[in-house]
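Written out below as structure tokens is the structure these notes cover.
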Amino acid sequence: MSIEAVPTGGADPGQSSVLEVEELAVTFTRRGEAATRAVDGVSFAVAAGETIGLVGESGCGKSVTSLAIMGLLPRRGVQVSGSVRFGGTELVGAADRTLRELRGADMAMVFQDPLSSLNPTVPIGTQVTEVLVEHEDLNRKQATAEAIDLLDRVGIPDPARRLKEYPHQLSGGMRQRALIAMALACSPRLLIADEPTTALDVTIQAQILELLRELVQGSGTALVMITHDLGVVAGLCDRVHVMYAGKIIESADRHDLFARPRQPYTGGLLASVPRLDAGRGTPLTPIRGSARDAIPWAEGCAFAPRCDNAQDDCLTEVSGSTVPLEYDGPGRELRCRHPLTHPPVASGATASGAAR
Amino acid sequence: MLRFILRRLVQLVPILLGLSILLFAWLRALPGGPAQAALGERATPEAIARYNELFGLDQPLYVQYFRFLGRAVQLDFGSSAQTGRPVTTEFLERMPGTIELTLFAMVFAIGVGIPLGYLAARKHGSWLDSTSVIGSLLGVAIPVFFLAYLLRLLFAVQLGWLPGSGRQDVRMDATRITNFYVLDGLLTREWDAAWDAVLHLVLPAIALGTIPLAIIVRITRASVLDVVNEDYVRTANAKGLATRTVRRRHILRNALLPVSTTIGLQTGLLLSGAVLTETVFAFGGVGSALRDAIFTRDFAVLQGFILLLAVVYVLVNLLVDISYGLLDPRVRVR
């Protein structure tokens, strides 16, 4: 996939953007408990045919971001603010009807666990055709023919027979393919894939990623890939946004990011990936601590407690301001006061090196 | 499927054998044996001895048991000490009434319970929700005979809106074919007889259906609350399906699986004799026959009815298992 063809600039809304997310914030409130801000001022854009990655550990807010875009968060106890513009339509605060018309037709989603994401009591066929019947104005017979074609396209053998089967009769990989078929049924302009390979074993993971890449490349679909797996990023994404504790902390082109990670967190993520070219017995370098050690952004950089580069001015009370997301060279943005520095010529770490 | 049913029917054999042994031992352990019951309180020891000899009751217990078993497999449970008629005949006359009552009670419980439980879950936390939760607690807690008595007092005795006893007005003189009074009325085109039988069923059915109703409300509500948080419901919403489709195909269909189990179990329970309700409404079903048999120590009737009811109960559960397989493809048997 060529990178030159892809518009750069994460928060800067390019004309061809399919999706523009601006200052998106999601707050969960529960009676008797302090409100939790799961997503905090996230901005990014995706152009047609572009694949972006939202990367981070569990609990960093990447899944909540995707659910907020799709309008799939429960209404009760959840506050969404900011703006999500999809092809000119504002989705934050949009009517349920508007969202239902767009979902499945123009924007679609593939979920993490293919077994629990499929209805166990409804045949696969019905679960594929119902999208078509809902959005495409097809009758049952046409929808069935279309569904057979779809299942065939996502690489499910003997699709006509599979239509009558139930999710528990399919293997994990087949289930994920079926989910992808449902998501792509109406040729959406935007596809969000939330850790689509996490529940699958490694060989199947590779197949599913390859399938997603093929399907997206041909149709000009914008793809948002949500993952904690840098291997997935290396193989698929044009641009990468690294999230930590609800905020984007670094945005860059894939190659730049792998070659010269600037945020110490990104550096830590890359260093903790096992590498084939490392010597035998070389220990992995994990990031110390866990995501639970994060401090509120208002008090300073959330990653500071785990960061090797952290200094006093990472804290708000010392510097007098919260850490901003700033321009960091062409096509790059960074939220860090003490980034990693690199020698002028990028060495060693390349995208392919980090990929599994 | 056929093999599954056959296997379950074969499993019925040890269950019934075990039950018959328990039943036999229990009845023999009761004070004042069958002879006393048949001959009365003041029977002389000689008379009792003669009676026992006549009916083989002086034989060792295991001989008595095998003799009983041998006749039981031919559906011969002897004759009632009270009426002198064969137990099996009595049972076949009485069971239709109980089946009718159970069906009406379950239609009431399901027809009200599922919509109410579903609405309570959808309006989770609203006044409707809390009312249905409290109401269903009350429904389970209230003694059936008390509720039956209240209903009868209010609607039959005080207001006179509905009949309060029996299965049909005795003046009806309706034709009997199957002993299902409603069905008989329909078959013979005696519409007024059928309608009268329906009216007689209303109050007992409400009394009997209240506990199943309360249980169905609670299970439906809890089950719907569970299912709406399932990933596949999120998938359905992500597909942009109409709210109606999401509710019907993806929420209700799955939420009703545990409810269907409950319905089956409750139906089995009601069929095996609503002794209290039938007694209050003088309803001539299996339940009131059992009560009479206990009071009069009619051993033949007790033994026969309880065993036959056990067969009914197990068969109903078999039906439940089969229908569960139809509803949930994951447990479908091949």
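The backbone N, Cα and C atoms fix where each Cβ goes, and this holds for glycine too.
Note that TrEMBL annotation is computational and uncurated.
If you check TrEMBL, you get these features:
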{"type": "DOMAIN", "residues": "B:95-324", "note": "domain 'ABC transmembrane type-1'"}
{"type": "TRANSMEM", "residues": "B:101-121", "note": "transmembrane segment"}
{"type": "TRANSMEM", "residues": "B:133-155", "note": "transmembrane segment"}
{"type": "TRANSMEM", "residues": "B:197-217", "note": "transmembrane segment"}
{"type": "TRANSMEM", "residues": "B:255-284", "note": "transmembrane segment"}
{"type": "TRANSMEM", "residues": "B:304-327", "note": "transmembrane segment"}
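Among B:101-121, B:133-155, B:197-217, B:255-284, B:255-284 has the largest number of CB pairs under 8 A with the transmembrane segment (B:304-327). Listed as Cβ neighbours of the transmembrane segment (B:101-121) (distance under 8 Å, sequence separation of 6 or more from its ends, same chain) are residues 128-129, 132-133, 201-202, 204-206, 208-210, 212-225, 228, 252, 255-256, 259, 263, 266-267, 270-271, 274, 277-278, 283, 285. Sequence-remote contacts of a segment are chain residues at least 6 beyond its ends whose Cβ falls under 8 Å from one of its Cβ atoms, and for the transmembrane segment (B:197-217) they are 100-102, 104-110, 112-114, 116-117, 120, 132, 135-140, 142, 144, 147-148, 151-152, 155-156, 162-164, 166-169, 174, 181-182, 185, 259, 262-263, 266, 270, 274, 277-278, 280-281, 283.
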